[in-house]
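Pulled from Swiss-Prot, these are the features on record:
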type	residues	note
REGION	22-227	region 'Disordered'
COMPBIAS	30-39	compositional bias 'Acidic residues'
MOD_RES	Ala50	D-alanine (Ala)
COMPBIAS	62-72	compositional bias 'Acidic residues'
COMPBIAS	73-87	compositional bias 'Basic and acidic residues'
MOD_RES	Ala79	D-alanine (Ala)
COMPBIAS	88-98	compositional bias 'Acidic residues'
COMPBIAS	99-108	compositional bias 'Basic and acidic residues'
MOD_RES	Ala108	D-alanine (Ala)
MOD_RES	Gly113	glycine amide
COMPBIAS	124-134	compositional bias 'Acidic residues'
COMPBIAS	135-144	compositional bias 'Basic and acidic residues'
MOD_RES	Ala144	D-alanine (Ala)
MOD_RES	Gly149	glycine amide
COMPBIAS	160-170	compositional bias 'Acidic residues'
COMPBIAS	171-180	compositional bias 'Basic and acidic residues'
MOD_RES	Ala180	D-alanine (Ala)
MOD_RES	Gly185	glycine amide
COMPBIAS	196-206	compositional bias 'Acidic residues'
COMPBIAS	207-216	compositional bias 'Basic and acidic residues'
MOD_RES	Ala216	D-alanine (Ala)
MOD_RES	Gly221	glycine amide
Amino acid sequence: MSFLKKSLLLVLFLGLVSHSVCKEEKRETEEENENEEENHEVGSEMKRYAFWYPNRDTEEKNENEEENQEEGSEMKRYAFGYPKREPEEENENEEENHEEGSEMKRYAFEVVGGEAKKMKREPEEENENEEENHEEGSEMKRYAFDVVGGEAKKMKREPEEENENEEENHEEGSEMKRYAFDVVGGEAKKMKREPEEENENEEENHEEGSEMKRYAFDVVGGEAKKM
């Protein structure tokens, strides 16, 4: 009996020891896992700080970024003297500013209500005035050159009269040329002989010249004298 008791006690003791050992191992394992997680977080934290990224959760980070963006835009607006306005108010104010700017431009160019004043005439009036100015300018030119009603004065003769005068001047000039060279009615005077007479005279002169040459060399009838 004593042996059995001792063996049971030993088994129980060994069971307790093994159970405690298992618990210890389990605890150590959990601690190791926790340490690994902590080390991982620490390592990631160190990396984030090394690259100037603070440790923040994703949601908080997004929220903070949005808040910072809004605050930054608000600071810019205050820095430039623009108070914070709601989007609807901003759109309304932009429309009002656009209308005011267009109104100012219209007044600056003396345009009210989209209708041009005397300073700016309508296209139709401008066309009419341009036509009137063109007519007035042509009328002034016509008076400047002594031309009234499209009819030329004595200062400027009509094309037909000019052509007639040109023909008369041409005839007078040809007549003067004919008188200058003693030619009247197309018939040459004694001063200028006709071509036929000139040819006859040339033949006579040629014969006389040949006769003179023959006498100069004492050759008569083509036969040499005793000389």
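For all residues, glycine too, the Cβ spot is worked out from N, Cα and C.
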CB contacts under 8 angstroms to Ala79 (D-alanine (Ala)), restricted to the same chain and 6+ apart in sequence, sorted by sequence, are none
By a simple count, how many Cβ atoms lie within 10 Å of the Cβ of Ala50 (D-alanine (Ala)), its own Cβ left out?
8
Across the compositional bias 'Acidic residues' (88-98), DSSP yields 11 helix, 0 strand, 0 coil
Under the DSSP assignment, what numbers of helix, strand and coil residues are found in the compositional bias 'Acidic residues' (30-39)?
10 helix, 0 strand, 0 coil
